[in-house]
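**Student:** Quick one: structure below, then a few questions.
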């Protein structure tokens, strides 16, 4: 500690250790928090087509078009350890060929500081709702849920499903629109 | 350019070094506690980091330059002995003897 550089080294190393301890403290204060929020999903229109799917080996696959309404208040999730939220709407269903299918239809990134009241009406899906085959036609039960990934400042990234889902049946034939 | 910096005296005596270490550890720990509490209250971790950085800057200012308060207990060195020719002749022989015994 006789020279400036030696003192600066000691000071900087101590500051860094203290900063690491504070970051761990930040993680510990929010590690066991419940990050579920009630979510309200409504579907207004569903349409079904049978088109060529160039990403798979089949001849033609089912392509669904869903128009939905979404409302949720995600403000309780944000605290001092949350940097942003990655929200995504996924559809889950079962077909004859596959027991479980999950398709992401729409997603959004919500940064801290942006408006946290989601009130979306008549939204179209962002991504194609392709089925692996022809399992969407006359499917009785397709469940839409909103989930989110919490991106923290320090710690693990929990994947949380919102409490609230909506199940819709799909139309029996192609190129017909079903309204709810 | 470095030779200019080498010529500025930056030493502190031992009690001064201990005092400097206590000062910066105290300042940084205090700013860490204050910063953690403040960040927790206003729900922004950025403020915690800013307060700790502020504490770091303050302790840099207080402990890096050799202020006079760190030089209050200088070591009392013995006065330098004047060198005579007899001593310079004896010294290499003494060094040789010490090396052999090791």
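Using the three backbone atoms N, Cα and C, a Cβ is placed for every residue, glycine included.
Model, not experiment: these values are computed from the prediction.
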**Student:** Looking at the ranges B:23-41, B:80-98, which is given as transmembrane segment in TrEMBL?
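**Tutor:** In TrEMBL, the transmembrane segment feature sits at B:23-41.
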**Student:** With Cβ-Cβ distances below 8 Å as the criterion, list the same-chain residues six or more beyond the ends of the transmembrane segment (B:23-41) that contact it, or say none.
**Tutor:** 47-52, 54-56, 58-59, 62-63
